[in-house]
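Here you go, one structure.
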């Protein structure tokens with residue numbers, strides 16, 4: 001059994017029952033909707049109690065329940081061909097260099113973690129047309145300058 | 001003159017003066033830092049009053065000032081090789097399908113605009129290590145079902 | 001069940017019955033032919049009343065009808081290998097920069113929406129050989145200069 | 001001298017003089033704006049009388065004038081990274097199969113020429129936001145079934 | 001049913017019967033061998049009378065016969081990995097620029113059509129080893145300079 | 001000095017003098033126009049007597065003359081973006097499998113050489129629009145079944 | 001039936017019987033082991049008498065035997081991901097330019113044929129670790145300078 | 001000035017002086033050799049005191065010293081064409097799935113950080129030929145299951 | 001039977017029994033866990049005694065046992081889309097040039113073998129968060145300067 | 001200074017003097033011609049005594065001589081576009097799987113080294129046309145099964 005087959009089965013059951021993701025997530029609960037949907041689509045792991053609830057909801061076998069608890073081989077084809085997903089790709093392509101400049105100036109050399117990371121997506125009512133509002137927060141991870149255990153700090157000449 | 005040459009010149013002047021982006025943005029003002037930095041890096045346009053301020057700050061010629069006011073050929077190489085930018089790419093690659101599922105369920109068929117879009121990036125203090133917080137808001141644009149001017153609505157069978 | 005399987009089934013039924021797209025679209029109605037055919041080929045969603053009509057015409061199950069009402073993962077392989085589709089790709093490749101220059105000069109910084117977009121395709125009789133006439137109209141979406149809520153306009157130096 | 005160098009020179013002169021494309025095209029005249037701008041950007045050829053006018057306007061040397069009259073090595077990088085051009089690419093990616101189905105049903109086996117082709121782009125005023133209207137017309141070219149000079153027609157069984 | 005499945009079935013029947021392409025083409029007749037073989041391999045359409053003959057020869061169902069009459073989604077993977085096909089690819093890669101220079105000088109700005117095109121392939125006996133002789137003829141299609149309906153001709157300065 | 005620089009210089013001189021390829025080839029002579037133009041564009045070698053004539057015509061230095069006599073690193077970017085060259089690429093992509101089937105049936109396992117190869121291109125007058133006629137002839141090279149020096153022939157069961 | 005399916009079947013039978021390639025080749029005989037193994041893996045053709053022997057050894061049907069006698073669509077995915085095959089790829093990548101320089105100096109403009117080509121692979125005992133010895137021999141094919149039937153030779157200035 | 005130009009200058013000075021990396025690192029000190037060399041090759045940042053030392057050693061200007069203190073746009077072309085670097089790439093390609101399986105089993109869902117990471121490389125004397133020994137240590141970062149602040153643990157069914 | 005099918009079967013049995021890799025490796029024993037897991041995932045070969053044990057543990061047929069003893073076609077898709085594997089890829093991309101510089105300076109021209117190579121992975125307890133520690137050791141293989149059997153050594157001018 | 005610039009300079013001097021590679025290699029001596037030419041083309045290192053001789057022959061500066069002694073960043077663009085080099089690439093693509101099968105059967109799991117490797121290329125006179133004969137010999141490197149220091153041998157069931 002492959003994870004894609006389980007995903008296809010889950011989508012078939014969702015369709016047959018006419019369930020929404022909102023309903024499914026409220027039944028499984030316990031984590032952000034993005035993560036629960038991500039797991040059902042084969043990109044995330046469900047911890048055991050949630051895998052159990054998902055299995056009950058979808059009528060999955062014990063082996064399928066265990067597969068939902070496994071870490072999948074993550075990733076989807078890039079560049080995205082779907083317009084909705086492409087817009088996020090484009091944001092990275094166009095704004096990436098500015099994000100890099102500003103984050104490094106504020107935090108120093110490092111990255112925003114995509115692992116110790118959370119995210120919320122809400123509808124923002126707006127008379128000109130509602131908006132999708134996304135809030136993300138990732139831990140800043142400084143590059144480790146190993147061999148520098150004595151901790152030479154990063155100063156020495158002045159900035160305006 | 002190519003836009004890359006102007007970007008290189010601006011970065012040289014920034015380096016010679018030891019300026020920070022924060023200082024540069026406060027001098028130019030009038031728009032989000034992401035956009036101002038994006039323009040100076042060759043991915044955005046500066047409206048004329050801001051291009052003028054940027055030209056004064058960097059001591060640019062009138063022709064260079066006009067170039068800052070032009071819409072550039074946007075885009076940077078993908079997939080990003082830089083770790084900081086790559087993490088955003090990874091977020092799209094891993095979470096794209098879940099975002100698509102949730103946005104379409106909430107808003108219907110359409111996309112979050114990457115054009116009528118804004119974004120804030122702030123430092124989120126945290127005892128376990130500060131976090132990068134990003135808030136984005138893009139207008140939802142529904143797919144137009146042309147030829148359906150009479151407006152057949154999207155209902156007809158029930159959902160759970 | 002995957003969307004490709006539904007598309008293959010629909011094409012099989014069309015072939016068995018010797019139906020034309022024109023006939024199919026007239027039976028389903030309610031939207032542009034490009035959209036209806038696009039949905040049957042797995043690139044668009046049919047709103048529920050049209051999905052119902054399509055299901056009746058093709059003798060689909062209720063679950064297949066619901067799938068036609070889902071937003072598919074859009075996109076087809078690029079560059080196109082089929083000569084008919086490639087010619088459109090070539091038009092973008094050769095004329096894209098000129099379109100960008102002219103649209104930006106007329107409308108300012110922004111894009112023509114590919115979402116709030118409609119299109120007509122008609123036969124244009126011509127003694128030297130009939131022509132394919134395509135009329136497209138997409139909403140212009142100006143880039144939002146966020147952080148510029150006070151609205152600094154884009155002028156400041158003169159143009160010829 | 002390479003064509004890109006001539007394009008860069010032309011853009012420099014345009015910027016120095018603060019000219020618009022509209023002004024440039026009205027000075028050169030004689031052909032659609034998309035073609036004249038395309039030629040100045042290095043994707044099209046200007047016939048000699050127009051190359052002469054362009055040379056006078058931009059103060060080009062005779063050799064540069066001759067280069068404008070040459071057919072360039074056409075084509076720009078794909079997929080486009082610029083959002084404005086990408087939207088056209090996306091239209092082909094999403095709608096290509098439906099266009100193919102409908103054109104072939106209406107015209108038979110063949111293509112819409114991208115060579116014997118014309119195009120107009122106008123602003124379509126609209127209270128909800130102006131639109132970009134594009135009208136294209138390309139000659140339909142039927143696939144030649146060589147070896148079939150006696151002309152076996154394409155019928156033999158009926159369609160609904 | 002997919003076109004590849006029909007191609008596979010046809011090749012199976014050909015193999016079982018030990019037929020040559022020459023025999024098959026003589027049975028179906030009415031068009032060039034390249035086109036008939038191309039259609040049986042899924043790259044071309046057979047007009048109805050030929051599809052009928054092909055169906056009789058191979059014992060195909062009526063639905064399979066109709067599929068042979070459909071325009072397929074043309075194209076095969078590039079670059080070709082097969083040495084025989086690669087040599088043609090290499091000819092384009094190495095000689096393309098010279099062909100472009102010579103065709104444009106002789107005919108003006110335009111292309112040789114790959115649609116209104118025919119081709120013959122014969123064995124050329126040669127004491128040093130027989131040769132493959134290919135004769136191709138494609139209609140020259142001049143680029144249309146639209147907006148130039150008054151017909152500004154392409155002269156104005158002299159050539160040696 | 002790189003071969004591209006020599007090509008650029010040659011094209012500059014051709015443009016300055018307003019020479020045609022026909023004129024250049026008649027001056028250099030001794031080989032097919034496709035090969036002479038190919039050499040001047042950096043894809044072929046000119047044998048010494050021709051390199052000498054080319055050097056005299058273009059006023060090249062002795063070192064440049066020697067470079068024309070060198071075998072260049074052949075090849076141009078693929079897939080071709082230029083429409084004229086792309087049409088040849090498309091012919092290979094669409095017809096390659098049929099060519100393979102027919103050549104192998106006629107000649108056995110092997111290839112048509114792209115090295116021991118010649119080619120002619122002429123204008124074919126035609127009342128419906130002149131055509132480009134290309135005649136190619138390449139030596140057939142059979143795959144060598146080494147280890148089979150005793151020559152086991154390829155027969156054993158019958159074909160229709 | 002596809003060639004991959006036949007290859008998979010042959011490998012299954014080899015595994016079930018615990019046969020070595022050496023054994024298989026000695027049973028089929030008549031050609032180099034590289035070619036026989038290549039054919040069984042789907043990259044080469046077996047001439048009829050060898051296809052017959054292979055069919056007897058593996059217990060293949062007559063149709064499968066005929067498929068072994070067909071020229072396959074040659075080629076495997078590149079760059080190779082398997083380390084053993086990659087090392088050969090690397091040899092070409094690193095040494096290709098030197099091979100080109102030396103072969104062209106020795107033989108003139110042309111190529112070493114990959115078709116009229118043979119190859120031997122033997123174990124070379126060596127106290128520091130045995131070595132793989134490969135001997136290849138390909139016919140040199142000179143580029144044909146067509147249009148030069150009178151045979152202008154390639155001399156005219158002296159070399160050291 | 002671009003970072004590549006600074007790297008080229010540094011390599012020129014190293015070559016002129018016949019310095020080794022070991023000597024250079026001992027002069028600059030304060031961090032692992034991999035990081036110092038990485039910074040001089042344009043992939044890492046040197047903290048200010050080290051940038052100062054590097055500037056003194058290489059006789060760099062103050063602006064060049066500041067550039068060494070900047071975070072570069074990291075990344076080099078992949079797949080690596082150089083055999084030494086390729087072997088590391090191959091290790092990831094072949095062993096990646098096993099590393100994933102074992103790390104996830106030991107640590108749970110997450111990654112080994114490539115940012116909070118250190119590394120040592122030493123020569124391991126060995127009578128059969130010395131070996132390169134590399135020790136790497138990266139912080140394990142668990143995937144954050146946001147929306148699960150109450151902390152549902154990952155157990156519920158037993159494992160062998 | 002394909003190796004992927006065997007891998008899928010093994011993973012199914014592992015899941016059904018709720019086994020860990022640690023348990024599986026302790027049952028099979030005899031080699032590093034990375035290698036045993038690699039073999040079960042289709043990237044390595046198990047020597048016969050271990051293949052036997054694996055077959056007993058998983059209840060495999062004799063043919064499946066033999067397949068585990070075969071050298072697979074190694075390699076997985078690159079660049080890796082899974083975040084855990086990507087981090088290793090990134091380490092190569094960012095640090096590759098520094099590794100090359102340091103290894104070549106220490107050992108001379110050559111590579112670290114990815115074949116005569118071993119590796120250990122252990123958990124490194126750390127109060128700030130445990131770390132993944134990886135120790136690798138590969139034999140250094142000097143480039144052979146063939147044709148230099150007399151052994152010209154690599155010295156001749158001095159280094160600092 | 002970049003290695004490509006040195007290569008270009010060396011080729012310029014070779015051309016000006018009308019030297020052959022044979023002459024150059026006889027002057028530098030001490031290693032195989034493939035390696036010496038490879039080094040001059042920027043793919044190999046010359047040991048110091050040879051770098052000295054090369055520097056004397058070409059009149060290089062001391063710094064250029066040192067660069068010839070450096071290990072370059074090896075590798076050239078793949079797939080090769082030049083026909084001569086492509087034929088070698090094709091040999092790997094078509095024969096790679098058979099080589100893998102035969103080498104692994106003869107030597108066990110491992111690779112033929114591309115580092116401890118030598119090669120000879122000679123002209124093989126042949127009345128049907130001379131041939132290029134290449135002899136390669138690379139050390140076989142067995143995959144190390146680490147964790148198996150006790151040396152479990154690879155036997156246990158019999159082979160035919």
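A Cβ is built for glycine as well, from the same backbone N, Cα and C atoms used for every other residue.
What TrEMBL lists as active site is B:87, B:90, B:113. Marked as domain 'Cyanate lyase C-terminal' by TrEMBL: B:74-146.
Looking at the shown structure, what environment does each listed feature sit in?
A simple way to gauge crowding: the CB of residue B:87 (active site) has 23 other CB atoms within 10 angstroms, across all the protein chains here. In the three-state DSSP classification, residue B:87 (active site) falls within a helix.
In this view, residue B:113 (active site) is surrounded by 23 other Cβ atoms within 10 Å of its Cβ, with every protein chain counted. Secondary structure at residue B:113 (active site), as computed by DSSP, is strand.
Per-residue pLDDT, averaged over the domain 'Cyanate lyase C-terminal' (B:74-146), rounds to 95.
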Using Cβ-Cβ distances, find the residues under 8 Å from residue B:90 (active site) that belong to the same chain and are at least 6 apart in sequence, listing them in sequence order.
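The answer is none.
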Sub-8 Å Cβ contact with chain I: please pick out which of the active-site residues B:87, B:90, B:113 have it.
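So the ones by chain I are B:90.
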Just the number: how many Å between the Cα atoms of residue B:87 (active site) and residue B:113 (active site)?
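Cα of residue B:87 (active site) to Cα of residue B:113 (active site) measures 21 Å after rounding.
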Checking B:87, B:90, B:113 - which of these active-site residues have a CB within less than 8 A of a chain C CB?
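In terms of proximity to chain C, the active-site residues that count are B:113, given in sequence order.
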